[in-house]
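Taken from TrEMBL as is:
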{"type": "BINDING", "residues": "Thr50, Thr179", "note": "Mg(2+) binding site"}
{"type": "BINDING", "residues": "Asn266, Lys267, Lys268, Asp269", "note": "GTP binding site"}
Amino acid sequence: PLFSLLPSVNIFPMGSSTSTNRLRTANSTKRPTSETRKILVLGCMGAGKTTLCRMLAKTAKARMPPNRIYKHTIENNLLDIFKAIYTLARQYKIPGSENFKEDMRILVEFRHREDLAQRAVEVMRRLLRTNLFAELMKDKRRILELPYNAPYFMQNALRILDEKFEPNDVDIISHYALTVGVNFNSIELGAVKWELFELPGHHIFRRCWHEYYANTNVIIFVVDLSDICRSAFYRGGHLQDKVRQILLKVTMSPLLHQTSFILLFNKKDLLEEIGQGFNFQQLGAGVKNVEAAEKWHTDQCISAVPPTNAVYNHSMSLTKKSDMNSTLFDFLDQIFQSGVRSVDLE
């Protein structure tokens, strides 16, 4: 079998969603023993594209960079989280936040070039002993005003601040770094070689996406489900229609009229955590709870893909590794089995 290297697991674990399959009746000739497939990973900033690509590469046992090279970026993530906590604590007038003005000046002025300076470490340890983060989290919706990885990093802050800190795989999956340029991975599974391109999601780079469309077999588009709990989603309609408009623009390209789409709706865990009690009726009269809001959002995105293209969708939480499991590989297998053409990227 094409993906015999992967463990046998259930598709759609944890009941996260059903798939929508619109398979083309394309040329179903027997595949050669070795094929090259081109996959683009697209999505807006912070949706989870890099996490997805790393998980794919690791599952396929591709050669990975050593964990230690992520140390500096992970420490910078922690610095940014402490700065955000202080800013929000002052904004919401959390008692005690006014006592850390001098400490925050140290963090703001600190330039992290090599190892963390001792003075910066001492400031962060002092802030850890306060209740500022806990007070902010009493209103769960405030988590959207902090980096998505703030809860994980706060739980592991002392370990990260240790001078002997070495990142583990969960640290790397949980950290955030802006995609700069094009990230490329070559992954082999069975008889198929995947050429995986991750493109930056910033609006400036989205203007250049079309330059990479030629000979693309599959587009994996990652969507942040938690967007529907952000106040900006309901102000002026820009964020509300943003992802659908981006998808529409992508699917309108004549270079992609034979391309299959996989829509991965990420951060389901965050949506479920902060969506309880949220007024989703702003989306429509019949949208009264988290489940209905998720369906509304996924339906909006799925409808942007023309019926002439194969489209699959799945809701999950990428930082919960077992939540994705082999679902994506199953989609790819179905797409390839349906006779999607091969491309020669050599």
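Each position is counted from 1, following the chain as shown.
A Cβ is built for glycine as well, from the same backbone N, Cα and C atoms used for every other residue.
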Measuring Cα to Cα, tell me the gap between Lys268 (GTP binding site) and Thr179 (Mg(2+) binding site) in whole angstrom. 22
Give me the CA-CA distance between Thr179 (Mg(2+) binding site) and Asn266 (GTP binding site), in Å, as a whole number. 17
In this structure, which of the binding-site residues Thr50, Thr179, Asn266 has the fewest other Cβ atoms within 10 Å of its Cβ? Thr179
Between Thr50 (Mg(2+) binding site) and Lys267 (GTP binding site): CA-CA distance (Å): 14
